[in-house]
Amino acid sequence: MISPRVCVLRAPGTNCDQETAHAFEICGGKPEVLHLNRILENPGRIKDYQILCIPGGFSYGDDIGSGVIFASQLKTALREEIGEFLAGDKLALGICNGFQTLLKAGVLPDGDEGWNQPDSGNQPAKATLTWNENGRYTARWVRLKVTSTNSIFLRGIDEIDLPMAHAEGRIAVRDAAVLTEWEARQQMALAYIPWRKYHNAERVTLLTAQAGGSPGSRQGTSALMEQGNPNGSIADLAGLCDPTGRVLGLMPHPERFLFATQHPNWTRMNLAGDGAGKQIFQNAIDYFA
Amino acid sequence: MLWEVEILSRPEQIDREGQRILGEVRLLGLDSIQTVRAGRSFLLEGRIDEATIQKAMQLLLVDEVVEIARVRKPAEVDANDDSTATGQLFNVLYKPGVTDNTALSTRRALQQAGIAIEEVATCRKYWFDHQAQLKEIQVLAQRVLGNDAIERIVQGPLQMATLSFGHTYQLELKHVPIRELDDQALMKLSKEGQLYLSLAEMQTIQKHFRDLQRDPTDIELETVAQTWSEHCSHKTLGGRIRYTDEHGTRQFGNMLKETIFAATQQLRKEWGKDDWCVSVFKDNAGIVTFEEGENVCIKVETHNHPSAIEPYGGANTGIGGVVRDPLGTGLGAKPVCNTNVFCFAPPDTPHESLPPGVLHPRQVALGVVAGVRDYGNRMGIPTVNGAVFFDERYLGNPLVYCGTVAMIPANRCEKKVSPGELIVALGGRTGRDGIHGATFSSAELTQESETISGGAVQIGNAVIEKMLMDVLLVARDRGLYSAVTDCGAGGFSSAVGEMGEETGAVVWLEKAPLKYAGLTYTEIWISEAQERMVLAVPPENWDEFHALCASEGVEATAIGQFTDDHKLTLTYDGKPVGELSMEFLHDGRPPVIREATYSPRTDGSKATFAPKTDYTDDVHKILSSLNVCSKEWIIRQYDHEVQAGSVVKPLVGVMCDGPSDAAVIRPNLSSKRGLVVSNGMNPHYGDHDPYWMAYAAIDEALRNCVACGADPSKIAILDNFCWGNTERPETLGSLVRAALGCHDAALVYKTPFISGKDSLNNEFSFLDDSGEKQTVAIPSSLLISALGQIADVQNAVTMDLKAAGNVLYLIGETKAEFGGSHYALVNSSQSGSVPRVNPELAPTVLAKTHALISAGLVKSCHDLSEGGLAIAVAEMAFAGELGVDLDLGHADPLVALFSESTTRFVIEVSPENQSKVESVLAGIPYQKLGVVTETGRVEITGQGKKVVSAANEDFKRSWQSPLAWS
């Protein structure tokens, strides 16, 4: 098998590029961390890659709004090249700030179909990622349920624990019809569900797919962990995919769960080896096998 | 043309900022204010029409899904301005020259999109309904909406024609006639010129220029003041001190060298070829070995005075500054985690009790946390460890300690400047921000500080520093430069002065890129504008270096050259403006000679606590005391997992909310080896005896590290002294006594100090109602930061109880030690003797505990600190959602539960491993406490009677509620 080439595209302020590249690498991909300036100098370079990944961080400081400036570059200077990339049999992944960028650029929610329709640049946005309901940057682990069968990245995963760390992770939609459409077209990729309690007695395997495990009992006082949805996102959404399943955006960070020792309860479960987040990168690489 | 784009959230969206302000309104009791609507605006100037503005709004400025916007022209006066919101409008704008990051990004992005914008500014807007009384809005405006130090508040619709400011600068060389001044005039010059030099120092400068038969230029005087400032030269602690205590008098030629530094030297000598220190007390951070080819360094700084005046900017630039320390260590180190410790006055201090010129501690806390959050998170450096300490004496002078740990290749740990190399400024531009930061931080705060020193306050731009860091590390690996240092306090003046100390340097001041025109040559030289580094680049590497920086959008400018004439020569447009010999600059300062005295406390050595039949209530009180209670509200705002190295997080347990003793990270994703980061601090012990406070702080930092799995034979520590005015012999005496404790403890634990920092004059003075000068000095605050290592992160341990049926042991010796304890605190007592480390026992306790952990025999481990055994056990129980059933035996339950004797741990062990564990512990005091249960209750029996009984939920609620801010 030829390792697929992965473009980990960074902008000033991107800060998860190294570990994201590491994730693709240990899964057998050939990642390159590329500064956006290199692509702007030579937009044709995007063609060299099978996978485009925009990692997390604070591109351009997120000063105007998260991902806004990065997105404006994709929308204007790279419109055509991104269009070609999306039209091909290729994959795109946006994690956290990368998700914000893809959504604000209009790569999500509809991928090729949305981007390459006539006058797409002037269509009103269907959705956005905006301030968390608590008004604060929030870093914590969340449990997620895969709620679409479409996404190539999420194949074989039913539920997964991942860390999130963001201030603007609340998905808001223009109107309710957007949700209906997403549901019909299997675009609601990931939803927050209540945290599961791990006690020492149960030896849980987090490393492969689990058959729909039920959330733990709801006693105790940590409301945040129990309610699941950490930011007020509509329909508890944590991630979106395009109708083909080739583009995925998610707020939590799979590249921060490549090793068992990253799980907040690994010492309770005697976990060792890989972390469950690795599967998302492995799926992307395996798609080209 | 100037345009304003006013943006509000859509009505169906939550107006978070408005709600936040309304919350503050309630706290202030401003009853006439019933509603607050918040918005923001962009002010855009350029030759552009409304259609272009609309385009900019659609492309960048407005998120139409959740926001609505309108455009207006602030140049046109319109009394009936139709706003999208109604009511009385208040605008908050930055003062000219204050860094406005959003404006900067917006301008660049719009220009890149081909929109002809020249200037951008941002504005926060607040509308109050018409019932709100102007008087009350003004109180709110002053205390909450904006900060006078950096912002101005404008009532009503904005009316302005242009954003431009600054003017072209014509060279005007200034001399300071110092030769003829008498002593009084010298001191007047020192104070009014914000030089903050002593009379002896002023006289030395005067003599130097008399010998030269000329007057200094202003830039020469400033250069000397910056270099000789306490902040830059640490002249007090490195100076001559005559110290007297109950054991007699001792003379120090260089106090720090002869105590803390000497201990490290002695340890290195003992270790010989096994010495694992690499670079200590000489560079911007201390370096020790980590693994083959890779070393690790750590530095902790303080940013206290700026944080007192503008908490957000102060803390923000505190982080920015300490991150540049490792970047400027050796040839540059890559930061892998941050640690922060704050000291505040209690957040419930009544507003009316605040002295004039003091920000409310809650506002300070909110601002500091936000400042650290916004900088650390943007830099992509996880904030993994910290602490918050509360005491009323931090009211006018909060403390903000910021630390960074960074990795550095073993062959990049040394730097050397050679004549002929270019002096290169890298990163941010120079502005009028931060002028006199170094001298200001060395002075005492007063109620006027806010107005006098407003210019010393800055706001950081983390993304500029991130870009700087990215490009610096690439240039390092390509070997493009031969030395680097950070541009911190004193700006170019300190950085270039330090780098060129052995060679000489000429600086072309007009070459420095400026944020705006109009800076004088002196302002350029001493500005402390953030995000700048200074490098020595060999001329043959300049083209490659410059091209690399340009490719990442980072500005690099040659502003001078290193020479071999041992002089510092400053020019502007080719004309000389200053010339100083490096020898005078670095060695000319007269030694500071200080008296230091310490008298041991004579009162309160006996604990006088009445025995109680039930101590459950005391456990609740200590759990909900400000120093012990959960800091989750703060921790959750910090990204602690970026870089993917997280192994033990700051919060652990079933619901990820129990207090971890330390953080464990894996800096290299392909290696098993980990770093363990912790700290120790207890100013309350210092009120009893600073010697034992220092000992206990070191013991605590080491305990925390060991509890998570660090090997106690390889832990490096840092000292960080924040003290009051050391011109008072008794204040300096308490500091010397703490330093003596540091020295003795370092030798006992065989734990080297590898770097350190001090911040003196942490006092706040004001005139009270009767016109009397009142001074509040902070308690003696010694922070010990520890950097440990763990061979395999898989052996790390967390503090949450793991399984019912397991057995709990207490390791270490418990004595009746209540001085400075939390039991004494919640019972409003000053009595008791301060905990004293047993030097014979302590290292063995640490070593044996580590032996148990690395053998895999420990399921959970927690160190005993504030509140003693009862608090440790309660935390372990609620974090693990399991109960405990413990029997304290015949011991006095009060002592067993709450004494704060040092060097103790509680460990959880599987029943089948009891005999193995007991054989390892043979020879040191230990006690089997009881078992872990399924009950979810803490049940403790002492002398045959139940002394503590509570459900986990109840203890957890007490622990979580005090600082669960919304």
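Using the three backbone atoms N, Cα and C, a Cβ is placed for every residue, glycine included.
Among the features that TrEMBL reports, domain 'Phosphoribosylformylglycinamidine synthase linker' is placed at B:186-235.
Summarising the annotation, TrEMBL assigns active site to B:HIS231. According to its DSSP assignment, B:HIS231 (active site) is helical.
For the domain 'PurM-like N-terminal' (B:283-407), the mean pLDDT of the prediction comes to 94. Under the heading domain 'PurM-like N-terminal', TrEMBL lists B:283-407 (among others).
In sequence order, B:LEU256, B:ILE260, B:PHE281, B:LEU718, B:ASP719, B:ASN720, B:PHE721 are the residues of the chain that are 6 or more apart from B:GLY756 (ATP binding site) and have a CB within less than 8 Å of its CB. Sequence annotations record features per position, and here TrEMBL assigns ATP binding site to B:LYS299, B:ASP719, B:GLY756.
Residue environment of B:GLU301 (Mg(2+) 1 binding site) contains 23 other Cβ atoms, counted within 10 Å of its Cβ in all protein chains. The Mg(2+) 1 binding site feature in TrEMBL is assigned to B:GLU301.
As annotated by TrEMBL, active site, proton acceptor applies to B:HIS303. Note on B:HIS303 (active site, proton acceptor): other Cβ atoms within 10 Å of its Cβ, all shown chains, come to 27. DSSP assigns B:HIS303 (active site, proton acceptor) to coil in the three-state reduction, placing it in neither a helix nor a strand.
B:ARG324 (substrate binding site) falls within a helix when secondary structure is assigned with DSSP. The substrate binding site annotation in TrEMBL covers B:ARG324, B:GLN458, B:SER759.
According to TrEMBL, the feature Mg(2+) 2 binding site maps to B:ASP325, B:ASP486. Taking the Cβ of B:ASP486 (Mg(2+) 2 binding site) as reference, residues of its chain lying under 8 Å away and at least six apart in sequence are, in sequence order, B:ASN284, B:GLY321, B:ARG324, B:ASP325, B:LEU327, B:GLY328, B:ALA495, B:ARG532, B:MET533, B:VAL534.
Annotation comment: TrEMBL describes B:419-572 (among others) as domain 'PurM-like C-terminal'.
Here TrEMBL flags B:660-759 (among others) as domain 'PurM-like N-terminal'.
As annotated by TrEMBL, domain 'PurM-like C-terminal' applies to B:804-941 (among others).
When the CA atoms are compared, the recorded positions lying within 10 A of B:GLU301 (Mg(2+) 1 binding site) are B:SER759, out of the candidates B:HIS231, B:GLN458, B:SER759. Touching of the domain 'PurM-like N-terminal' (B:283-407) and the domain 'PurM-like N-terminal' (B:660-759) is concluded from the presence of at least three CB pairs under 8 A, sequence neighbours closer than 6 excluded. Helix, strand and coil content of the domain 'PurM-like N-terminal' (B:660-759), in residues and according to DSSP, is 46 helix, 24 strand, 30 coil. Its own atom aside, the Cβ of B:ASP719 (ATP binding site) has 26 Cβ atoms within 10 angstroms in the protein chains shown. The distance from the Cα of B:GLN458 (substrate binding site) to the Cα of B:HIS303 (active site, proton acceptor) comes to 12 Å. Counting in whole angstrom, B:HIS303 (active site, proton acceptor) lies 9 from B:SER759 (substrate binding site) by their C-alpha atoms. Max Cα-Cα distance over the annotated ATP binders (B:LYS299, B:ASP719, B:GLY756) is 10 Å. All protein chains considered, the CB of B:GLN458 (substrate binding site) has 28 other CB atoms within 10 Å. Taking the Cα atom of each, B:SER759 (substrate binding site) and B:LYS299 (ATP binding site) are about 14 angstrom apart. The ATP site is set by B:LYS299, B:ASP719, B:GLY756; from the centre of their CB atoms, other residues of the chain with a CB within 8 Å are B:GLY286, B:VAL300, B:LEU718, B:ASN720, B:PHE753, B:ILE754, B:SER755, B:LYS757, B:SER785. For the pair B:LYS299 (ATP binding site) and B:HIS231 (active site), the Cα-Cα distance reads 15 Å.
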